[in-house]
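S.K.: Take a look at the following structure, please.
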Amino acid sequence: MPKKALDSRIPTLIKNGCQEKQRSFFVVVGDRARDQVVNLHWLLSQSKVAARPNVLWMYKKDLLGFTSHRKKRENKIKKEIKRGIRDPNSEDPFELFCSITNIRYCYYKESEKILGQTYGMLVLQDFEALTPNLLARTIETVEGGGIVVLLLHKLNSLKQLYTMSMDIHSRYRTEAHSDVTARFNERFILSLGNCENCLVIDDELNVLPISGGKNVKALPPTLEEDNSTQNSIKELQESLGEDHPAGALVGVTKTLDQARAVLTFVESIVEKSLKGTVSLTAGRGRGKSAALGLAIAAAIAHGYSNIFITSPSPENLKTLFEFIFKGFDALNYEEHVDYDIIQSTNPAYHNAIVRVNIFRDHRQTIQYISPEDSNVLGQAELVVIDEAAAIPLPLVRKLIGPYLVFMASTINGYEGTGRSLSLKLLQQLREQSRIYSGSGNNKSDSQSHISGRTLKEISLDEPIRYAMGDRIELWLNKLLCLDAASYVSRMATQGFPHPSECSLYRVSRDTLFSYHPISEAFLQRMMSLYVASHYKNSPNDLQLMSDAPAHQLFVLLPPVDLKNPKLPDPICVIQLALEGSISRESIMNSLSRGQRAGGDLIPWLISQQFQDENFAALGGARIVRIAVSPEHVKMGYGTRAMQLLHEYFEGKFISASEEFKAVKHSLKRIGDEEIENTALQTEKIHVRDAKTMPPLLLKLSELQPEPLHYVGVSYGLTPSLQKFWKREGYCPLYLRQTANDLTGEHTCVMLRVLEGRDSEWLGAFAQNFYRRFLSLLGYQFREFAAITALSVLDACNNGTKYVVNSTSKLTNEEINNVFESYDLKRLESYSNNLLDYHVIVDLLPKLAHLYFSGKFPDSVKLSPVQQSVLLALGLQYKTIDTLEKEFNLPSNQLLAMLVKLSKKIMKCIDEIETKDIEEELGSNKKTESSNSKLPEFTPLQQSLEEELQEGADEAMLALREKQRELINAIDLEKYAIRGNEEDWKAAENQIQKTNGKGARVVSIKGEKRKNNSLDASDKKTKEKPSSKKKFRK
């Protein structure tokens, strides 16, 4: 192969980087780009005085025509020699390079293993597998003076990357939205022209016109190095004097920031407080791990025995252990004499150090543990957490306990900005630290690991891995918007407008990611809101915003001042994804198999949870993010933005006139003809003309909204977020039973039906979710705060209002089915303060379920606190001791609330029973009145005595009539006295003669009766011979 003169700009850029301790970036295009890695590495070796640079080679699945296995390479060479296709006396430069160079091969999917490590050269292949996250994670492992090499396959034009399908695009496609536009790739290629330390070259090392460093010139040699930093450190070291071990360890540091950080660590070590936390936050390459290593060496010198270190992987601790041993060297410790090093036997850890045993004065141990092994920290005195932002937040919480804790976190790098640590955990630690310092040691707080801890915060600004102002770092931060957190709104000084004066605009993504200077400034402001208001941020979010076809961006802006040409600062940013409109065939196929396709989170999730085949066919929008800057929080801007968004999708911005025509904005895409007619060596790539791009901000009144049925949101459940979405009219339909691994929060899905759409389905789903949530409160949701659980139940009313409440009220029959008579007696006695709380604990689940199921009438009204107590005790099965801590109230007050609510419920049950008896008695009277209406109430017309006398008279009259009937029924003829007038006169004369003396008995002659119908008794009477009757006067 003939030799060719090398373009002088390539070695010049590498030499300048080594001289300024800055990194260089090379993009190599062509099928033989792999072979140029050897030449670039050789140029780097010639420019650096240090040892041969080590290499990190990142790839997706297969290396570019070679293997990383040394024996396989040797066998391949032997086979080729044996077959006669290779000269045994010649060596391939690339194979020689692979043999003598220290190369670490790593899959992209295992890139977390390289955290905390430093390399002289980075090679990135398989461009289609790259993501913003991988770019930030890998490029920042390269030291100052090193080079980054990106290998691209053969291209006719770099604009082919504008339409290249990336691996991550498969996640963005949905059934209704499958056309992905690679806007991020276009912005990435255009940004290379603004990177002064970047050269884009072909596989013959020809510099292409797009290169940002094409005008590079050699720097004049520097005779003297800048030792101002070392002089400052030396002065600090001298000021410490004989202070052991701080003085010796400060001498190992590289920057003044790092030296001060080590001193802060030493101060906490000397205090030997079991409730201290020291947090170290910095960007990548600032020396966090080195400072932690020196701090551990200081802890050993101060007699700490049990020290535990944790990080995502033991391979991330290479730098940390390296500086532990440098600290030992500064303290005159010798290996094998004073300490031993134990390496891991796990092949996946590549012989990483996992334990150090120190036995100089007494037994001391430095032990690596996995982040999940917080249960082994019982005897810990110091726990060190490196790369804390890369560890799930729940695990970090568990690692904090009654011992000294050091933690380091990257706030500007692949983790996005480490916001989960800074916004969640550190904020809680700050608040607890203020409480602890202000009110002393609170007894209740001391029972929690996190409560009552003191917090010291350290930040490192000056980089160590590379020089301050490294151009690759500046380019990467601008490309991925990693330094957006430093942006400050102008409204902080100009005042805030009223929310009603603000307007919502849709952002054109084609213009936003066009790399135009105005668009870039607006993008940085939007990302600053994301970073400042959200704790889950990743560089991949940027590519999701730009490339996902179903996503849309909206911004809330203050009133526009026409005299001011500058774009106003966005107050609120909304990112949403259009979902749904899935074919019935796909729905049935997925439900029958129990699987779901990618994307369309809410349609698939709700269809699966409720086994409904119609919901996924509805069109909807999911709020991916709503970000408001911290200075605008709780001022009504988020509510205003959501109000305008709802109105937009409800069609309230569209004019009712027939003349309305929606404005359609489109951007011309790169065609095949344009690519074929260009040459790579002469191609000039620049930002699109502003006249060909659509407006950055689109008025909602000029756009045709998509036909949607609902707007939904999926978020990690927190009290503040749940309160916001409930206030916006959203109804919960799904709550994940397992907490998220990264944040420890339960995912919640809430929906709101747009005005004018069918809403019965939402009411049915809400009722079903309400019942399921009640049943699950005693299981996975037991750890919820009672107030949060109550708020979730209350939010269901936003959906159940669309259906008629079919819940029947409690009846006496149901009461008898649920409670026995003994249960009601116990409850009544407890409500009268005659029994202890434990006697009725078994009744609380029944009472709570009846109350929250809506069985009790509306007259039973419990205060929110009483409802929380009933829910916590009856549905979550919590104890009074637990509630005492949760509500921050003494137990006697909680029990008093329980007694009050018991009285209200018992009173209601008594009323139901009384009403049931009254209805039973009233039914008899109703039957007697033959279904007539009951007469109106009239007062009594007489007194009680008169009423009694009247009743007695009626009774006597009835008695007489009955007696008369009986008398009339007797035959008296047989007792009649017979005789004529002569006989009676004779009798009277006889009486008169006696004149009252002697017997007054007279006799009258009778007649015999003739009656053929006489009975047998009368016949016997007739047979008697007596014919006279006697009577006494």
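Glycine too: its Cβ is placed from the backbone N, Cα and C atoms.
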S.K.: Need one residue: from ARG137, ARG453, ARG465, ARG471, the one Swiss-Prot lists with GLY285, ARG286, GLY287, LYS288, SER289, ALA290, ALA291, LEU292, GLY293, LEU294 for ATP.
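M.R.: It is ARG465, as the record lists it for that site.
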S.K.: Which residue of ARG584, ARG688, ARG727 does Swiss-Prot report at the same acetyl-CoA site as ILE626, ALA627, VAL628, VAL633, LYS634, MET635, GLY636, TYR637, GLY638, THR639?
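M.R.: Within the candidate list, Swiss-Prot flags ARG727.
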S.K.: Any same-chain residues 6+ apart from SER289 (ATP binding site) with CB under 8 Å of its CB? Would you list them in sequence order, or say none?
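M.R.: Long-range Cβ contacts: GLY116, LEU317, THR319, LEU320, PHE323, ASP386, ALA408.
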S.K.: Kindly assign VAL628 (acetyl-CoA binding site) to one of the three DSSP-derived states: helix, strand or coil.
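M.R.: The residue in question, VAL628 (acetyl-CoA binding site), is strand (DSSP, three-state).
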S.K.: Count, for each of the binding-site residues ALA291, ILE626, the other C-beta atoms lying within 10 angstroms of its own C-beta, and report the residue with the smallest count.
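M.R.: Counting other Cβ atoms within 10 Å of each of the binding-site residues ALA291, ILE626 gives the minimum at ILE626.
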S.K.: Radius 10 Å, atoms counted are CB only; among the binding-site residues ARG465, ARG727, which position scores highest?
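M.R.: The largest 10 Å Cβ neighbour count belongs to ARG465.
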S.K.: Ranking the binding-site residues GLY287, GLY636, GLY638 by other Cβ atoms within 10 Å, which is at the bottom?
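M.R.: Comparing Cβ neighbours within 10 Å for the binding-site residues GLY287, GLY636, GLY638, GLY636 has the fewest.
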S.K.: If you count, for each of the binding-site residues GLY285, GLY293, VAL628, LYS634, the other Cβ atoms lying within 10 Å of its Cβ, which residue has the minimum?
M.R.: LYS634
S.K.: Measuring Cα to Cα across ILE626, ALA627, VAL628, VAL633, LYS634, MET635, GLY636, TYR637, GLY638, THR639, ARG727, which the record gives as the acetyl-CoA binders, how far apart are the two most distant ones in Å?
M.R.: 17
S.K.: Using only C-alpha positions, which one of ILE626, LYS634, GLY636, GLY638, ARG727 is spatially nearest GLY293 (ATP binding site)? These are the binding-site residues in the record.
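M.R.: Considering only the listed binding-site residues, the nearest one is ILE626.
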S.K.: Provide the three-state secondary structure of LYS634 (acetyl-CoA binding site) computed with DSSP.
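M.R.: Looking at the DSSP assignment, LYS634 (acetyl-CoA binding site) belongs to neither helix nor strand, so coil.
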S.K.: Determine the mean pLDDT over the domain 'N-acetyltransferase' (560-694), rounding to the nearest whole number.
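M.R.: Across the residues of the domain 'N-acetyltransferase' (560-694) the model's pLDDT averages 84 on the 0 to 100 scale.
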